Amino acid sequence: MGVLGGDAHVPIGSQVSPGSVVVTNNESFGHRKLLKGVDFLVRIKAFAFCLAVIVLLKNNVQTTVIAPGIVLQAKYNNTKAPVSLLVLASICCGYAFLQAVVSLLSFIRDKRVLNNTVLAWLTFLLDQVLTYLLLGSAAATAEAAYIAKRGEDKVQWKAVCGPFKRFCDHFAATVFLSFIAVIAFAVSAAISAYYLFRRSKGFK
């Protein structure tokens, strides 16, 4: 015979110390649903920010006439850093979308889709690798944007944002969104690490 407390049965003879908390099945279910919901939202945001970076970079072109007969054009591929960022953002965008779909299915079914230790490790490693690669690429692009705006006296590189203000403004927005995408990927990596830790403890 026992006393029913929520979904948990506590024997009458058992002692529960003051301040102790009994975790019920409903609480565990709610925690899982919340975590899966957060995982989906973070991954879909990572997808959206990476997509915004791609669109901004591809469409960031400005042509300026600096003198009669002299026309200059600024494009994202004038330097290597934005090109690398575009390639990496495209990879991250596709990966984030696939993971968002998997996360949404897990949320709907209330169980992990592709529930496998090898895949859990693969997700964890890919989250980590892509986060650091995206961070490095965003930092390199930020440096290129800074030099374009301020110049570099030591190597006699002149600032170019004077005649290309719109281009530089869009470039700055791209860098900002890139770092927001990095934050979203970092949170996703933390969640996948938590899932891997739970699996190592015998939880699904």
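Including glycine, each Cβ sits where the backbone N, Cα and C put it.
Per Swiss-Prot, the features are:
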TOPO_DOM  1-36  topological domain 'Cytoplasmic'
TRANSMEM  37-57  transmembrane segment
TOPO_DOM  58-84  topological domain 'Extracellular'
CARBOHYD  N77  N-linked glycosylation site
TRANSMEM  85-105  transmembrane segment
TOPO_DOM  106-117  topological domain 'Cytoplasmic'
TRANSMEM  118-138  transmembrane segment
TOPO_DOM  139-170  topological domain 'Extracellular'
TRANSMEM  171-191  transmembrane segment
TOPO_DOM  192-204  topological domain 'Cytoplasmic'
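Against the transmembrane segment (118-138), the recorded stretches 37-57, 85-105, 171-191 differ in Cβ pairs under 8 Å, and the greatest number is found for 171-191. Away from its own ends, the topological domain 'Extracellular' (58-84) comes close to residues 137, 140-141, 143-144, 160, 163-164, 166-167, 170-171, 174 of its chain (Cβ-Cβ under 8 Å, at least six residues beyond either end). Taken residue by residue with DSSP, N77 (N-linked glycosylation site) is part of a helix. The Cβ of the residue listed as 'N-linked glycosylation site' lies under 8 Å from the Cβ of V83, each of these being in the same chain and 6 or more residues away along the sequence. With DSSP states grouped into helix (H, G, I), strand (E, B) and coil, the topological domain 'Extracellular' (58-84) comes out at 9 helix, 13 strand, 5 coil.
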